[in-house]
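In what follows, a single structure is set out as structure tokens and then discussed.
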Amino acid sequence: MSGSPVKRQRMESALDQLKQFTTVVADTGDFNAIDEYKPQDATTNPSLILAAAQMPAYQELVEEALAYGKRLGGSQEEQVTNAVDKLFVLFGAEILKKIPGRVSTEVDARLSFDRDAMVARARRLIELYKEAGVSKDRVLIKLASTWEGIQAGKELEEQHGIHCNMTLLFSFAQAVACAEAGVTLISPFVGRILDWHVANTDQKSYEPLEDPGVKSVTKIYNYYKKFGYKTIVMGASFRNTGEIKALAGCDFLTISPQLLGELLKDTSKLVPMLSAKAAQASPLEKVHLDEKAFRWLHNEDRMAVEKLSDGIRKFAADAVKLERMLTERMFSTENGK
């Protein structure tokens, strides 16, 4: 019998091992899929909410959001906008019942180049959370990492005490600007960087440590730790568990339920690949970026320019689809409501 604890330890899942050196976050709007993985936090985005809003299990939330939009009145457009904001918050509030940490809720990607509009929309979302009995300490507002988005994040953090998660982050320039803005958390993307390299270069597969997305997040993590930035680095957008394992030790990693499931079944040994101590030895030098320098440095990275604009377009398109779906249900005469 004495050998059993050792055996049990050896059979520990990769997910449980990962949790020893990284905060695990669930990347989904489908909160019924969260329970078995016991994540600390959760992240949502317009695409994930759109997918969840079409599932039968969540129709009560959709109905509640529609009723809220109608109750507030105004033009058709205003009613739909209010219903969308309410829907995002309803999903977030339900997710928070299942996790001990924070949920990330995204500001409409169509506002990505309008600093003031992003600030106003973020404050509105926090107000809706407050009405739902959720403190702003449990919410991260997601903003696209454009120059305007990063400055909106700085303003929200400094003037309103609202925590921000800077998303669609593909370039080192974006990461430096976010660090200087003092935002709570960044979401550098991994899988979408890999996608770009597979589509635009001759190399079609990569070992995890050579994966360009993994290398990007590793560089950003090392830079933040070497120069003492408090901003949390949360790797996001994974295509396989190899990428996740190659970033073990990163502050946070946000992972889809499908890949969380694969990690739960995986019993191979996991070792931390990133550490604040090792980061001190990295050869990176400190950089300061004003707006002009940021725009130039970001523009020099073709992959990042293309993936940021592509990401904004995709999230905006899904926001339009969600609005269309809610508009049909709110105002179609066939609905009978």
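Using N, Cα and C of the backbone, Cβ positions are placed for all residues, glycine too.
Annotation comment: Swiss-Prot describes 1-10 as motif 'Nuclear localization signal', evidence class similarity to another entry.
If you take the C-beta of Lys142 (active site, schiff-base intermediate with substrate) and look for same-chain residues 6 or more apart in sequence within under 8 angstroms, you find Thr43, Asn45, Ser104, Thr105, Glu106, Val107, Cys164, Asn165, Met166, Thr167, Ser187. Annotation comment: Swiss-Prot describes Lys142 as active site, schiff-base intermediate with substrate.
Lys219 (N6-acetyllysine) falls within a helix when secondary structure is assigned with DSSP. Taken from Swiss-Prot, the feature N6-acetyllysine covers Lys219 (among others), and the record attributes it to similarity to another entry.
Per Swiss-Prot, the feature phosphoserine maps to Ser237 (among others). Of all Cβ atoms in the protein chains displayed, 25 besides its own lie within 10 Å of the Cβ of Ser237 (phosphoserine). DSSP assigns Ser237 (phosphoserine) to coil, not to a helix or a strand.
The phosphoserine annotation in Swiss-Prot covers Ser256 (among others). The 10 Å shell around the Cβ of Ser256 (phosphoserine) contains 19 further Cβ atoms across the protein chains shown.
In the three-state DSSP classification, Lys269 (N6-acetyllysine) falls within coil. Close to Lys269 (N6-acetyllysine) in the fold, though at least 6 residues off in sequence, lie Gln17, each with a CB less than 8 Å from its CB. Annotated N6-acetyllysine per Swiss-Prot: Lys269 (among others), in sequence order, evidence recorded as similarity to another entry.
Secondary structure at Lys286 (N6-acetyllysine), as computed by DSSP, is coil. Contacts of Lys286 (N6-acetyllysine) defined by a Cβ separation under 8 A and a same-chain sequence distance of 6+ are given as Phe227, in order along the sequence. Marked as N6-acetyllysine by Swiss-Prot: Lys286 (among others).
As annotated by Swiss-Prot, N6-acetyllysine applies to Lys321 (among others), with the evidence given as similarity to another entry. Under 8 Å, Cβ to Cβ, and six or more positions away along its own chain, Lys321 (N6-acetyllysine) finds Leu50.
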Listed in sequence order, residues with CB under 8 A of Lys219 (N6-acetyllysine) and six or more positions away:
Phe172, Ser282, Leu284
Can you tell me the three-state DSSP label for Lys142 (active site, schiff-base intermediate with substrate)?
strand
Ser237 (phosphoserine) to Ser256 (phosphoserine) - Cα separation in whole Å
8
Determine the mean pLDDT over the motif 'Nuclear localization signal' (1-10), rounding to the nearest whole number.
50
